[in-house]
Amino acid sequence: MVDAITEFVVGKIDNYLIEEAPMLIGVKDDLEELKTELTCIQVYLKNVEVCDKEDEVSKEWTKLVLDIAYDVEDVLDTYFLKLEKRLHRLGLMRLTNIISDKKDAYNILDDIKTLKRRTLDVTRKLEMYGIGNFNEHRVVASTSRVREVRRARSDDQEERVVGLTDDAKVLLTKLLDDDGDNKIYMISIFGMEGLGKTSLARKLFNSSDVKESFEYRVWTNVSGECNTRDILMRIISSLEETSEGELEKMAQQELEVYLHDILQEKRYLVVVDDIWESEALESLKRALPCSYQGSRVIITTSIRVVAEGRDKRVYTHNIRFLTFKESWNLFEKKAFRYILKVDQELQKIGKEMVQKCGGLPRTTVVLAGLMSRKKPNEWNDVWSSLRVKDDNIHVSSLFDLSFKDMGHELKLCFLYLSVFPEDYEVDVEKLIQLLVAEGFIQEDEEMTMEDVARYYIEDLVYISLVEVVKRKKGKLMSFRIHDLVREFTIKKSKELNFVNVYDEQHSSTTSRREVVHHLMDDNYLCDRRVNTQMRSFLFFGKRRNDITYVETITLKLKLLRVLNLGGLHFICQGYSPWSLPDVIGGLVHLRYLGIADTVVNNLPDFISNLRFLQTLDASGNSFERMTDLSNLTSLRHLTGRFIGELLIGDAVNLQTLRSISSYSWSKLKHELLINLRDLEIYEFHILNDQIKVPLDLVSLSKLKNLRVLKIEVVSFSLFSEETVRFELLVKLTLHCDVRRLPRDMDLIFPSLESLTLVTNLQEDPMPTLQKLQRLENLVLYSCVYPGAKMFINAQGFGRLRKLKVIIKRLDELEIEEEAMPCLMKLNLDNKDGATKLMIPDRMRAFV
């Protein structure tokens with residue numbers, strides 16, 4: 001992994017040499033030499049890792065290289081921080097002015113020469129201790145293959161609940177049993193790690209039958225640091241909006257009573273994943289009412305004494321191991337997918353490896369993912385390396401081999417997963433923005449950095465290191481990290497000072513990134529030495545906080561690239577509530593600022609100082625004042641409700657803009673927004689003095705890369721005198737006063753896959769809409785017109801899968817027999833039977 005970090009730093013030197021050349025006065029040659037030395041060391045680093053050199057000399061040598069790499073990054077970033085501050089004071093534009101005062105240049109020159117000496121010393125140690133001699137037989141690591149992942153994207157890679165079909169049927173019956181047998185109200189799923197307890201519980205939780213049967217459904221995970229009070233508070237918070245401060249004041253017994261009162265007389269399902277303590281289980285029994293409403297509780301546990309209590313109301317379900325046949329079927333589907341000819345020798349090696357997986361699904365799928373990337377002539381080498389370590393294959397060994405098999409960018413992406421909380425549903429778009437902001441992703445000739453990052457994440461899915469939660473149209477939307485994988489990434493990240501997950505027991509850290517889950521209070525700052533070289537600080541959770549905590553942290557962290565404070569509420573005496581601390585304006589290296597759901601209601605002027613900012617995530621917040629972001633030319637993603645005027649300069653890099661008023665939109669230079677992909681425009685009625693500007697298709701059609709468009713305004717027309725075409729638009733949502741649809745909508749929107757219309761149509765839209773060849777999802781809502789009749793002919797909607805029609809006074813809906821052959825869901829608002837339905841029998845089951 002040290003080679004990945006070193007390669008990352010070498011890439012950073014390259015970026016500085018290319019983009020900041022005018023600022024590197026007198027140091028360019030020395031920096032080039034340093035880069036060359038580090039590049040040469042790369043070869044030895046890779047060999048040390050691939051050959052599994054674990055002797056003390058090799059470990060110490062790699063640590064020296066890691067320290068140098070981090071120090072190089074510190075020297076460069078600190079130097080440019082000083083230059084930025086000086087230019088800001090002088091009021092100069094950085095790229096057009098060369099500093100005449102060479103004081104800082106001399107300082108960095110001394111630092112670089114020191115680093116060069118240290119690098120040469122490390123190189124000499126290679127020869128002195130023979131670290132560079134690698135003649136023994138070894139497994140050759142493959143590089144990450146970004147484009148090869150494309151071939152796997154068409155396949156759904158969600159984790160299969162292998163061998164658990166019968167288990168799921170049995171437990172589903174017990175969940176839905178309404179025959180008055182209320183003796184069983186808690187199901188305990190028991191088994192060792194890697195058997196699929198969580199997968200089985202989640203399959204039950206997400207079952208359509210379960211969703212329909214239970215009024216309330218709650219899923220909570222018991223993390224390592226979680227106590228019984230935390231479990232109770234999480235369940236309560238999932239059920240109702242309750243102040244966290246109020247809950248914290250309650251004793252455990254009071255929380256039990258409070259939760260009991262909430263759920264009394266309710267039909268609920270509560271799942272508590274990975275419970276370890278009998279005391280916590282007894283508390284849940286007291287808090288969760290066992291009533292006659294058919295409510296159920298599911299727990300998963302690896303602790304037998306927790307699973308097998310004496311309570312007759314608890315049904316314990318033991319998960320079995322996979323049979324060899326089940327394990328082999330699971331393995332060969334993935335491992336042999338791209339091998340054209342599987343000979344007997346390859347099958348023999350594969351079966352020997354599968355036999356050693358011990359019937360554990362997790363171990364088997366990770367092994368299959370690893371072998372799917374290997375050429376047939378490499379299989380024996382992998383099997384030999386696994387047998388050397390142990391008679392049995394442990395999943396941690398497979399994680400290690402998979403990790404070594406990755407290219408350096410994929411390694412960085414994989415280890416970065418350690419920032420997310422346990423059982424967290426990772427939003428792929430957010431992760432992509434974070435990876436780009438960290439500088440881990442390089443632009444490709446054919447793809448944006450975001451597209452490259454997405455392929456890396458798909459690669460992690462392909463090799464079974466993450467578990468898919470949601471896809472839309474094959475596009476990965478979210479995933480989860482298995483506990484064992486998360487433990488591996490946290491351990492590796494800590495070893496490399498890459499990421500530190502805050503623990504109350506440790507008061508300081510030397511890691512480049514720190515993440516805080518749930519807690520940020522006096523304990524966090526008390527006697528804590530903050531690492532001033534930190535590049536990222538991320539907070540996950542929801543908490544009302546004194547603004548001074550954030551000020552204290554950010555005041556010391558001048559080199560931050562990523563600052564995620566989503567969920568914090570900034571409150572402090574002497575400050576107006578709901579504002580950001582001024583010290584954030586001094587973080588000139590910042591690429592990602594996350595302030596989602598922080599109740600911030602204005603963006604201070606200092607935001608314009610953050611001119612390298614790529615992502616500003618302010619979703620969940622509304623800004624009524626004018627917001628000037630015209631200096632942020634690197635901005636790629638902007639989210640928040642910008643009610644007041646929003647000023648954006650020549651934002652050619654902007655890809656996401658959600659959401660902007662129609663007035664502000666009219667003031668922008670649309671022709672410059674060449675990379676905009678996702679756009680939301682609203683008409684905010686809160687500002688009476690704001691001029692309402694009608695929207696038209698012409699201005700929007702200039703956005704040649706637009707994929708997603710949402711418009712919520714009164715005055716909007718789909719008609720245009722000019723010929724317009726939205727070649728790449730796949731999703732369109734219109735909430736406006738549209739009376740008619742243009743007959744050539746299929747020509748205007750040739751790629752449209754999802755359409756939502758909340759309008760006041762005066763005629764049947766189906767003759768027009770059914771010509772949209774790629775449409776798969778259609779929602780018509782609140783469309784009122786007299787004598788309303790709709791007709792879909794036999795050739796209509798060839799690809800439509802979901803149709804939802806919520807129309808007042810719809811008199812008649814006729815669908816011909818052969819129409820919509822792909823339809824899977826039909827939702828009609830016809831409970832009172834007022835609409836005459838003339839539809840095929842096959843569709844009546846959907847209604």
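Including glycine, each Cβ sits where the backbone N, Cα and C put it.
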Which residue range, 26-42, 213-229, 825-841, is the one Swiss-Prot calls coiled coil?
26-42
Roughly where does the repeat 'LRR 3' (703-726) sit in mean pLDDT, to the nearest integer?
89
Long-range environment of the repeat 'LRR 5' (807-830) - Cβ separation under 8 angstroms, sequence gap at least 6:
770, 776, 780-784, 786-801, 836-840, 843, 846-847
For the binding-site residues M192, L195, work out the Cβ neighbour count at 10 Å and name the residue with the minimum.
M192
Under a three-state reading of DSSP, tell me whether T198 (ATP binding site) is helix, strand or coil.
helix
What residues in the same chain, six or more past the boundaries of the repeat 'LRR 2' (612-634), come closer than 8 Å to it by Cβ-Cβ distance?
430, 433, 436-437, 564, 566, 588-603, 605, 640-653, 658, 686-687
Distant-in-sequence neighbours of the repeat 'LRR 1' (587-610), which means Cβ under 8 A and at least six residues beyond its ends
77, 80-81, 84-85, 88, 433-434, 436-439, 538, 542, 554, 557-570, 577-580, 616-625, 627-632, 634, 639
Quick check: with G191, M192, E193, G194, L195, G196, K197, T198 left out, which same-chain residues have Cβ atoms within 8 Å of the centroid of the ATP site Cβ atoms?
T300, S302, I319, L360, P361, R362
